[in-house]
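Undergrad: Residues or ranges marked as topological domain 'Cytoplasmic' by Swiss-Prot: 1-40, 83-129, 188-194, 267-285, 340-394, 437-450. What Swiss-Prot lists as region 'Disordered' is 1-35. Under the heading compositional bias 'Polar residues', Swiss-Prot lists 1-15. Among the features that Swiss-Prot reports, transmembrane segment is placed at 41-61, 62-82, 130-150, 167-187, 195-215, 246-266, 286-306, 319-339, 395-415, 416-436, 451-471. Residues or ranges marked as topological domain 'Extracellular' by Swiss-Prot: 151-166, 216-245, 307-318, 472-485.
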Amino acid sequence: MKSFNTEGHNHSTAESGDAYTVSDPTKNVDEDGREKRTGTWLTASAHIITAVIGSGVLSLAWAIAQLGWIAGTSILLIFSFITYFTSTMLADCYRAPDPVTGKRNYTYMDVVRSYLGGRKVQLCGVAQYGNLIGVTVGYTITASISLVAVGKSNCFHDKGHTADCTISNYPYMAVFGIIQVILSQIPNFHKLSFLSIMAAVMSFTYATIGIGLAIATVAGGKVGKTSMTGTAVGVDVTAAQKIWRSFQAVGDIAFAYAYATVLIEIQDTLRSSPAENKAMKRASLVGVSTTTFFYILCGCIGYAAFGNNAPGDFLTDFGFFEPFWLIDFANACIAVHLIGAYQVFAQPIFQFVEKKCNRNYPDNKFITSEYSVNVPFLGKFNISLFRLVWRTAYVVITTVVAMIFPFFNAILGLIGAASFWPLTVYFPVEMHIAQTKIKKYSARWIALKTMCYVCLIVSLLAAAGSIAGLISSVKTYKPFRTMHE
């Protein structure tokens with residue numbers, strides 16, 4: 001085992017996880033001294049699809065059921081456009097001041113610091129990393145639910161659909177955590193391409209299975225009642241439930257597209273030719289278009305199949321029972337997808353902390369030293385003791401939080417509401433205005449500001465709906481006792 005110390009690195013350009021020395025002329029590096037980026041629009045598209053298409057795609061039938069055919073499909077299309085539009089603005093801000101030849105910004109906070117500065121940098125950090133932490137906890141819960149669904153599906157198949165097949169989530173959360181401890185040793189975002197491509201394939205697979213099962217239900221004629229306005233007050237829901245669930249549904253759709261939290265980190269993996277902003281815009285178009293296609297299919301066909309009684313997730317909530325083996329496979333695909341998605345959202349957190357520690361403690365060998373070891377089938381691998389301890393601790397903590405708060409998805413909705421507006425809409429628009437020097441009160445300025453305020457209202461209403469759902473969950477909460485029934 002060979003040890004080497006990185007304390008001589010230029011910490012303004014090298015972060016933990018980079019296995020090269022900036023001054024080493026024998027290494028293949030970019031103009032900023034970092035390891036040469038090799039990403040393309042295709043790998044960036046895979047990262048985006050992995051980040052965006054979560055198992056929530058299977059809950060869109062429920063969202064459309066709350067809103068109806070007209071509002072549901074319209075909101076899906078509107079937010080797909082808003083997300084793509086603002087992502088192109090953010091892609092142009094990766095370099096500053098010029099989007100092609102300017103200085104690179106490696107994180108979302110760096111971008112905000114370059115264009116806006118002041119307290120907005122801290123606001124961005126709180127929104128971004130709060131969201132990333134929340135997502136990693138939420139994915140731990142969701143993955144365990146999918147794995148539990150596999151066991152329950154087999155139980156229902158063997159004992160009948162009315163059998164008591166209650167299974168605890170906690171062992172599955174522990175297994176998911178162990179897998180993440182291992183994968184978290186992947187040094188940085190640049191090494192995640194294979195994981196994202198695999199996760200993207202999994203997301204296509206389970207979404208396609210869900211769509212296929214919904215089509216089969218519609219073709220069989222056993223469909224639920226649908227309407228232009230969704231669930232009916234006095235029949236399906238009370239007036240209060242209609243309001244709160246509609247708010248929550250709008251928020252779910254809006255947040256389902258959000259990937260601004262990791263956009264800059266994804267763009268930082270792209271090679272410089274063609275220009276990163278051009279490649280990222282192409283990746284965003286492919287990613288958002290693909291996502292919208294699957295969202296509309298899952299949402300609309302799922303609503304057509306189940307009507308106003310559409311379940312929250314028609315795979316894990318057993319909208320379907322047969323064929324059980326296909327449902328097992330789809331739920332396993334969800335779990336595998338979330339294994340990759342967890343890393344896409346966790347890597348920016350890992351690198352943020354490691355970069356800070358390298359800067360603050362450059363002489364601490366525990367933090368700066370790395371060891372070169374030979375790993376079977378993988379070849380030479382650089383291991384940092386600090387990275388091993390810190391990342392393992394993070395995974396353990398998020399897993400324990402997931403076990404303590406199994407209703408955390410309600411909290412995640414609230415976190416999504418709080419972070420969607422600043423990260424996906426406000427900061428990209430404000431930086432675009434600053435970068436292109438749009439005149440105040442011009443037609444374009446007014447249009448951009450109007451979009452900002454409309455999205456702010458959506459976030460506030462969604463937050464209200466999430467709080468109502470959270471209050472309902474807390475009333476029945478029992479720590480370490482909640483089972484997936």
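Yeah, the Cβs are placed from backbone N, Cα and C, and that goes for glycine too.
Values in this document were obtained by computation on a predicted structure and should not be read as measured data.
Where in this structure would I find these features, and how exposed are they?
TA: Residues 226-231, 242, 245-246, 248-250, 252-254, 256-257, 288-289, 291-292, 295-296, 299-300, 302-303, 306-313, 424-425, 451, 455 of the same chain lie 6 or more positions beyond the ends of the transmembrane segment (62-82) yet place their CB under 8 Å from a CB of it.
For the topological domain 'Cytoplasmic' (83-129), the model's average pLDDT works out to 94.
Packing against the transmembrane segment (167-187) from elsewhere in the chain are residues 16-19, 140-141, 143-145, 147-148, 151-152, 155, 195, 335, 338-339, 342-343, 346-347, 350, 382-383, 387-388, 391-392, 394-396, 398-399, 402-403, 406, 480, 482-484: each is 6 or more residues past its ends and has a CB under 8 Å from a CB in it.
Sequence-distant contacts of the transmembrane segment (246-266) (same chain, six or more residues past either end, CB-CB distance under 8 Å): 39, 44, 47-48, 51-52, 54, 56-57, 59-60, 62-64, 66-67, 72, 75-76, 79-80, 82-83, 86-87, 90-91, 94, 105-108, 110-111, 128, 131-132, 135, 189, 230, 280, 283-284, 287-288, 291, 295, 344-345, 347-348, 351, 413, 416-417, 419-420, 423-424, 427-428, 455, 458-459, 461-466, 468-469.
Residues 30-31, 36-45, 47-48, 84, 87-88, 91-92, 94-95, 99-100, 104, 106, 189-190, 193 of the same chain lie 6 or more positions beyond the ends of the topological domain 'Cytoplasmic' (267-285) yet place their CB under 8 Å from a CB of it.
Outside the transmembrane segment (286-306), and at least 6 residues removed from its termini, the chain residues within Cβ reach (under 8 Å) are 41, 44-45, 48-49, 52-53, 57-58, 60-61, 63-65, 69, 72-73, 76-77, 80, 83-84, 87, 204, 207, 210-211, 213-215, 217-218, 223-224, 226, 256-257, 259, 314, 319.
Long-range contacts of the topological domain 'Extracellular' (307-318) within the same chain: residues 55, 58-59, 61-62, 64-65, 145-146, 148-149, 152-153, 156, 206, 209-210, 213-214, 223-227, 230-232, 236, 327, 330-331, 334, each at least 6 residues beyond the stretch ends and with a Cβ under 8 Å from a Cβ of the stretch.
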Undergrad: Find the member of 130-150, 195-215, 395-415, 451-471 that has more C-beta pairs under 8 Å to the transmembrane segment (319-339) than any other listed stretch.
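TA: Out of the listed stretches, 195-215 contacts the transmembrane segment (319-339) most.
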Undergrad: Give residue numbers and ranges for long-range contacts of the topological domain 'Cytoplasmic' (188-194): same chain, 6 or more residues beyond its ends, CB-CB under 8 A.
TA: 15, 17-18, 35, 37-39, 43, 46-47, 265-266, 268-269, 340, 343-344, 347-348, 351
Undergrad: I'm a bit unsure how to read this: which one of 41-61, 130-150, 195-215, 395-415, 416-436 has the highest number of Cβ pairs shorter than 8 Å with the transmembrane segment (451-471)?
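TA: Per the Cβ under 8 Å count, 416-436.
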Undergrad: Considering only Cβ pairs within less than 8 angstroms, which of the stretches 41-61, 130-150, 195-215 has the most against the transmembrane segment (416-436)?
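TA: If we count Cβ pairs closer than 8 Å to the transmembrane segment (416-436), 130-150 scores highest.
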Undergrad: In terms of Cβ proximity under 8 Å, which residues at least six beyond the ends of the transmembrane segment (130-150) contact it?
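TA: Same-chain residues near the transmembrane segment (130-150) but 6 or more away: 54-55, 167-170, 172-173, 175-177, 180, 261-262, 315-316, 318, 327-328, 331-332, 334-335, 338-339, 341-342, 345-346, 348-349, 398-399, 401-402, 405-406, 408-409, 411-412, 415-416, 418-419, 423, 484.
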